[in-house]
Ligand SMILES: Nc1ncnc2c1ncn2[C@@H]1O[C@H](COP(=O)(O)OP(=O)(O)OP(=O)(O)O)[C@@H](O)[C@H]1O
Ligand SMILES: Nc1ncnc2c1ncn2[C@@H]1O[C@H](COP(=O)(O)OP(=O)(O)OP(=O)(O)O)[C@@H](O)[C@H]1O
Ligand SMILES: [Mg+2]
Ligand SMILES: [Mg+2]
């Protein structure tokens, strides 16, 4: 039982980490109808920037404080993400207004390649470290009830808290503000949104910047967990089933989806894996998402797919 | 008008009700369509006209009521069955296959009648080729009839709206339907084009004996060409009869026609 | 300039394994420069051209095709990827180019009777697995102490990872310890479930067949689940500086078996490279990297490549470049005595290596080192894999391969040329 | 003035329905095939065959298959790699387990097995649409990756999970040299391209496109979505499966699941989109672009660098290559979102009007 | 007459680099007037409006010749959002409502560019609901699930929410019930007289359009073939016959035209 709880918590925490990345997908999709495959690359890029800037800042400024280095690096990395957002709008999306979803998706794959190359060129391709002081040591709960207690990563707890906070803020933003409404309008129909004077370019820069911010946060948390290196961009693959399960257009869906996928894949790996030879969690996550979709094709909380004549 | 022989009831709609959540699109609607006639459905926006057609051809499943077609009664039908029984339709918001040429769009209307299997189609030889050519000939006749020869190979997405409507009609005609449901076939056309469209509809009705159910907001057209008219208002039937009867029905005037007609 | 010996270098400087594969490529290139500084191979200068594979098999194949005919023909390929090795194994017999896969690739290719062109010189995965287990057994006080113990194997879910399993299973049958297999899907960044299982099952030891970012992730998860690093043993692709750098002091106590060499900052060859290559500003990578584990593996790889060519020159004509086919003979007839190795600057780094027609590995020595929180230190003496166990496994597997491919074992006469 | 259809009148529907109604086009395509089958083998270098032409042909075939699914039927799939893998491993198993199985039969049986798996994974498409489906098809991808590693029966119990095939032989003809392999692949590609073209311009092709463009309208005219979607999955997976088998047997000779990983799926999708959705010819353009461009960049960049006296490190080349590759993809999408095939037909349209601008 | 609000001067539009659609169209829209743009299917009405509101890019079209000025300012290079900022808004043909948004949210997005505060926006919202009571009853439905006519009202209402100076109306009457058509034109008239809003109106319903417009242009095949005061056009014999369906003075029954068929084009 203690172990089951431990797996459950482990899954929940892993799920929250996936949500953090899934959030980036949802954000951009919701606001522009673009399925942004570059989210993973953005996470890596942001994390690389963060890691390297915090390494370089003491050298540039002569100040040896870790806090200064981290805050400075965060600001610089954020500035960089805004520039990236601006460039993406100017050079890519602005020129692909009103194109089909799949074309846009491919364009973001192009951006992925570009960011992968640019990130490694600017910042190098070794393993770098992000240390923002997240605690690494485990926490043991219910030690009196279960032998050995129930283990939870403190780092994961922090991450979960941050993810939850982001979700609340973003949900409010989309549902309650005029800009949020405009963003949803853009996702529905670029041309009509243009026709009523919604400035697509400005909006996209904002959204991609926010997505850049989410990527940066995800990058910092994942980066301090895994080290910053190319493979970080591949964690996006873990977020995809989360996105479709929760619904492409739902911010809270990203969290719920994350929790379901996280728990589902950990439980499956541990209780089902040994029977099947192990290593099943990656496809299990997708199959789980698939099963949910059979019942709700738009994901748990996604907007209903409109299909009407 | 007398030259056309209006036949028996071919389509009978009985007590259809349809609701979407709280919205009652149709409430207890009954009417019938006789063989060979042109039956119009009119009513204000959102009255449930398109929903009625959707029920008839299986896109929507009404919660209540049944539909009798050629003596067989159905509660639920799927679109395929309806198509097989010989009901074709056009759409209010164009529902053409945008990426395909005019010819291919109309050819899809023949698909139900094409029998050769995948294997022969891949080889495109023997029966498959003969079949393809036979149907192509039929489709060419429709293209001639609708006077869209010049656009045969143009992707429909590039055509102006009016011509797209014509292709939509062509696709329905290619099914050689017994009943043709037309949802605002003349929206967005000028008078001359409407005249053309009326001519097509009347020709089809005359020459092939096709029964026609027509939704249209242009009262000139409706009054001129239809034999009987059903009037819907917010999901309810408020009138049914010949154009003249309907035109003078006070409830219809109030709900729909306004005073100017 | 026309008389060069061409050594193609398939690199992995980008992508998922870049942190680990880059030092290898640098060491390889630096040693070749050193050979030239020393006067070449009997006067024949070495030439390196790189081609980036990003650890992808199809790119590796393209690189191979691109480089194999360049600069008078490739001497030998070292793909540094098990996947590429598998693909090239099918191609090299036609092209008559040998391939060195020191410490990776197909373990059964040590059987020169079937794999005429493959050379897993100085070690393959089965050697690594055997030595790790020997080390553990020794620490426990003998093989019999392993009976009833539980050993978990955390491995990269790919042919690279799976290649280790046969030896572990063989040994488990012999000594009665239990094996728990824990595959981790590539790229290995998600290991929570794996380590929760370890936490629950509490195996006595964990053996890791990991590569790239997967190793440090494993270490971090071990820290997070409180599994003692002292009980974790990596194979030789899982025990270098990039793997522990970002874990730092928390990885203290982690062990990895080393294919003879470890981090060798004091080796004569390292000093010579620093002086003659980096000292002249011709170093390929950063200076600090020289002497690190994977850098050294590149250096050793290059040395083996060069010495094979040198041996071939002895037979086919001194001072002239050798073809790939001739070089193959050299790799099959390597005889690197301790004196020879010492003179090349590998004193204390390598033990004698001698290959033959039947034995394409040439040496099965290894050591285990431990991370002390800031550097690797030796934790074992020289250990040698048990030939009695490995040879039959190699033979059986090679026979199966030969049967599948319908190829004949080489006749003794074929060994003469 | 040379490229005109003036004076070419079609007197029968049969003539009008030819694949290339304009005689200049027919001539051009005949020439192209002749060049591919006769001139290329005589002149291309071994490197060209092994590193460029053979991969190009096989991947065009796979892209063609995928194009049927994505371009014609509108079902986006990211699981193509999995179907290739099924084709390859199934063909391998027929080859090693069935005594005397001819090579071509093995390859085709690989396609048949891929068809079965493709249809299975196509079933969700009846409910799941668009991007949701695209992401969901990754389930196939990861499942295949896993199954071929884990279930040792598929790999004939090879301990590492990697399989290899012996020398190839078809119709008593040994396929050893690069030229032979090339011609062997070319044969497959030409035949399948022709069959695929026939399908897409037949009734079934129109059903696919109808489902793609407007599925409700399609069902109203009597097209069954189940049938249309599943046949698209079947035909597509069959072709992709055969391509996978060729990739394993002819190009690699030995492979592990990573040869058919998710990168392959993306690569193929790229080919289809850059080449042109819903265009058989586009598949070839796309494959050429995606196969050749990285190799070209990889070789051209150092050469360019040395021209200006710069020696570029391998890593820098690789990174720059990534950046340029990404940029070019975006560039082409912007220039023509409908792909190179559309660019090609616009070019032809201009040529037809030439020397008048419109 | 002083300089018109909008001056389109000999523009050519090409789609997809090859399809030439407008072949030198010139027209003027004076401030505070209602100008109708008439013509058959495919004549290029929509294209002209798109050129003015700069919505061509998304359709892969471009203006290759000629100029467009708004209050003497060249506007070809501006974005659609800039045009809306200058008070010019287009109601697109084919409705284009935001399907996932409710009717009310659709309307509110129309006010996106407004800076005059919540109260003013709410007042406009009320005004729109007044114009189209049907929208009020359907305010919480997702636009995609409303009927064709309701969507058309929504699209028009959405544009009005921006409080525009000039509206480019593309086929406003399409799919609307007769009495709503009348209402729409009444609304146009109303806004025009009360608030001085200028309208450029592309319409197939020539009858209605000429009844309400001040001036009209007739477009055929990408060229302006006739223009004049609305009244004069309505009296023109050709217009009567081909656009109003009143050959020989009387309206012909649609049933009777079937027996014969003629087409006339001013320019072949
Ligand atoms: N995106 C496009 N790509 C290519 N051609 C187009 C495009 N949009 C319109 N056209 C072509 O331009 C011509 C003019 O079209 P436009 O839509 O401007 O006509 P219209 O007068 O508005 O017609 P309607 O009354 O049917 O709406 C038509 O022939 C049409 O085929
Ligand atoms: N799928 C659906 N979901 C929810 N509501 C719907 C759906 N389809 C139709 N409705 C509602 O049902 C009512 C009737 O719609 P319908 O489209 O049948 O009207 P209509 O008579 O065709 O009007 P119009 O003349 O404007 O086309 C409308 O209020 C519409 O909002
Ligand atoms: Mg309707
Ligand atoms: Mg128009």
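The backbone N, Cα and C atoms fix where each Cβ goes, and this holds for glycine too.
Where the annotation comes from TrEMBL, it is an automatic prediction and has not been curated.
Residue ranges D:205-223, D:300-318 are listed, and TrEMBL annotates D:300-318 among them as transmembrane segment.
Looking up the ranges D:156-176, D:324-344 in TrEMBL, the one annotated as transmembrane segment turns out to be D:324-344. Counting Cβ pairs under 8 Å that are 6 or more residues apart, the transmembrane segment (D:270-293) and the transmembrane segment (D:181-200) reach 3 or more and are in contact. Taking every listed stretch (D:27-45, D:76-94, D:230-250, D:300-318) in turn, the largest tally of C-beta pairs under 8 A with the transmembrane segment (D:51-69) is reached by D:230-250. Here the transmembrane segment (D:181-200) has long-range neighbours at 19, 33, 36-37, 40-41, 44, 49, 53-54, 57-58, 60-61, 64-65, 68, 72, 107, 168, 170, 175, 208-209, 235, 239, 242, 246, 250-251, 280, 284, meaning same-chain residues at least 6 beyond its ends whose C-beta is under 8 angstroms from one of its own. Here the listed stretches are D:76-94, D:100-123, D:300-318, and the one with the most C-beta pairs under 8 angstroms to the transmembrane segment (D:130-149) is D:76-94. Spatially, the transmembrane segment (D:76-94) is not adjacent to the transmembrane segment (D:27-45); fewer than three Cβ-Cβ distances between them are under 8 Å for residues at least 6 apart in sequence.
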